[in-house]
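Contents: one structure, followed by commentary.
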């Protein structure tokens, strides 16, 4: 009989968001008339920018004409999109990133997991706690961890607690770790990192030969000019960091699927024989073998983000969600809850009232207010006693959800 990858059996009972979906579905089935408002999973609600829609319609027409039809595209992405990304998102901020170092993909979630294909099995790995579950679960699937303990922590991972006491920015570890996952603006806490904090991480990584896996999926929500948008704004980062970005939240591409990963050509890691190997070459080989590229139509839509109209429309989208976050922050703070995040990020991180557990607060809100959020404990042991509320919804739903919650605390 064929055998399985036993590492999957080490995963906790259910990925966080499917478990939320299961509980919400059970509640909805028992209460079919309940007006449920979902502020849990970070999915957008507003339509794609008109500039993107128009570009995609034109691209569809291209596919209907023999002269402009496109078949397989470059696995790395079309040059016209990569050039615009390099110029606007990186070079305009003083980052030394070339278009040839950018790989277009169908999601940063995929890339965060797939990047492990080019790293060895013996690397030590550090994640913050709480943390986006994908970083942990993909390492479990790849066999990089031992079993899970009662607190949900996996043997073999180095957990770096982030909490109100350290302003939700992890302390540099005293021991050497090889791969370091950082996410700023942070999911789930909404925290941001100063330039000096990121410089400390880069200095650590360079001194230990470590690689930083930097998730910048929410960088477009940064409004503070002192906060870096990219790890490559930090001196030395090209020698120790890979960056992931996405069009999902800034341009509403959660259902359209387009993202990017930057792998500098100067970035090296060790082979078993102690020789230095360019990670760019490995990632390029991996993508060329396992990925056929993002749809031409979708890439044209992403390119339109960088047009004058696209920039104005995406800015309006971001401002809309940030205003939602402001409403959530202000209403819950006024109701007496301790609230974090939601300023340079679309997530608000709330301390649960009266010391109740994260899942108990989830059930309380669902049953009393018909509002869905995300239990902090689902992001790690240090998330217990916290709750994430997403700003991704309509203004009317956000205002109604806050009315219900504040009336039932």
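Yeah, the Cβs are placed from backbone N, Cα and C, and that goes for glycine too.
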What does Swiss-Prot list, out of 72, 78, 321, as binding the same pyridoxal 5'-phosphate as 108, 109, 132, 187, 218, 246, 247, 248, 257, 292?
72
Distance check, please: Cα of residue 187 (substrate binding site) against Cα of residue 246 (pyridoxal 5'-phosphate binding site), rounded to an integer number of angstrom.
14
Output, ordered by sequence, the same-chain residues six or more apart from residue 109 (substrate binding site) with a CB under 8 Å from its CB, or 'none'.
134
Which whole-number value in Å describes the distance between the Cα atoms of residue 249 (N6-(pyridoxal phosphate)lysine) and residue 132 (substrate binding site)?
16
Which binding-site residues are spatial neighbours of residue 72 (pyridoxal 5'-phosphate binding site) here, meaning Cα within 10 Å, out of 42, 132, 292, 388?
292
